[in-house]
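Visitor: Structure in structure tokens, see below.
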Amino acid sequence: MGKKNIKEFIYNVIATALPTLMLQLVILPIVGTRMNGDEYGLLLTIVAGVMLVAAGLGNVLNNVRMLTDSEYKKKQIFGDFGVMLALGTAVVFIFTLAMSKHYNVVHASNYILNIILGLTLFLKEYYIVRFWIDLDYLGILKTNALCVAGYVAGMGLFMLGASWQLIYIVGNMVASIYIFKIYGVPKTIFNKTELFVSSVKKCVALTIATILSRALVYVDRLMLYPLMGGNDVSIYYVSTLIGKTITMAVTPINGYLLSKLAKKEDFNKKDFLKILSASVVIGVISYIACIIVARPVLEIMYPQYVNESMKYVYITTAASVISALSVVISPVVMRFCNMNWQIVINGMCFVVYVLSAYVLLEKYQLFGFCIGSVVANVTSLMLMILVFLFT
């Protein structure tokens, strides 16, 4: 890896990790001290739903735009994505409204704020693709640094008595404004081209695959809240926090690999196995490190939940490590295998997750639910490996 690639990778790691680390390790723990367990559990559930659908759809449009950019440039045509963006906006609006109703959110203002949160996140996740296409990792870093500054400003408003949603809304809006300042608002946004049908098909396939994949990360809270209440959601979330730092750490690798692989025409099995082997070694080391630091870190961040959460940390961290391995190899499968495999893999894993987690929850309560997560993530990893090696 040359100096340029190392610098780009470092920019990407910092850019991707910065907003998540600020939210997970600083802002949300502070918010948690100002809410009871049920209120905080509802917040975590709403955020999970928004991250599942709004961020998921934004990421889908981002990836399809990135993967098809060379084809559009080759034909010297522009458009299509404005139409898909409008459809995505409608889906996010309807989903967020329905989710707020389902979880009995009170006050009309909270409905409105949840919808704005979803829409601003969706737009930011899509429009940042302009930097990915140009391989401008410094631009991505600047965008996300401004997003963090917005989070801090929103946190200040929350501390003064405003709604918690403003933390996310202000951050996403500041980031989007910066993107528009650099690239401007697309003027041919609603043009349709000869590639429209092809791009829509890719978008639909990847949407199904992405939502199913992200469900493995976020559906836990969406399932737990109506079954066990907000306090158990809070305990479960805290137990997963240390392990999910691993997933946060490898997520930049996903975006970086995809942006590079989009320019390649093939990828051999030997290189795939090298990436997988290195990831397994790093994963084992990371698991041990997370277990060692879990209690002292959680005692600082969530002293009110640490004793209950530590009962589940060993198993939730294992699930996160296995999930991280899937995150690393998924760009290779996405780029060089038929897109339909994404749907098959993620669909099977989602079914395994829901069934195993629900059945084990009934018998072993929260511990059983955690075991279900491990089963699903092992299934996902094994299927990805088999698909790349044998298709």
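Note that Cβ sites are derived from N, Cα and C of the backbone, with glycine treated the same way.
In case it helps, TrEMBL gives these features for our protein:
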{"type": "TRANSMEM", "residues": "9-28", "note": "transmembrane segment"}
{"type": "TRANSMEM", "residues": "40-61", "note": "transmembrane segment"}
{"type": "TRANSMEM", "residues": "81-99", "note": "transmembrane segment"}
{"type": "TRANSMEM", "residues": "111-129", "note": "transmembrane segment"}
{"type": "TRANSMEM", "residues": "141-160", "note": "transmembrane segment"}
{"type": "TRANSMEM", "residues": "166-183", "note": "transmembrane segment"}
{"type": "TRANSMEM", "residues": "195-215", "note": "transmembrane segment"}
{"type": "TRANSMEM", "residues": "235-259", "note": "transmembrane segment"}
{"type": "TRANSMEM", "residues": "271-294", "note": "transmembrane segment"}
{"type": "TRANSMEM", "residues": "314-334", "note": "transmembrane segment"}
{"type": "TRANSMEM", "residues": "341-360", "note": "transmembrane segment"}
{"type": "TRANSMEM", "residues": "366-390", "note": "transmembrane segment"}
Visitor: Count the Cβ pairs between the transmembrane segment (366-390) and the transmembrane segment (314-334) that lie under 8 angstroms and are 6 or more residues apart in sequence, then report whether there are at least 3.
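Guide: Output yes: the transmembrane segment (366-390) sits against the transmembrane segment (314-334).
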Visitor: With contact taken as 3 or more Cβ pairs under 8 angstroms (pairs 6 or more apart in sequence), are the transmembrane segment (81-99) and the transmembrane segment (141-160) in contact?
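Guide: These two stretches do not touch.
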Visitor: Most CB pairs under 8 Å with the transmembrane segment (141-160): which of 9-28, 111-129, 195-215, 271-294?
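Guide: Maximum Cβ contact count belongs to 9-28.
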Visitor: Against which stretches of its own chain does the transmembrane segment (195-215) lie, if we need a Cβ under 8 Å and a gap of at least six residues from its ends?
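Guide: Non-local partners: 51-53, 55-57, 59-61, 63-64, 67-68, 71-72, 75, 77, 79-81, 83-84, 330, 334, 339-340, 342-343, 345-347, 349-350, 353, 380.
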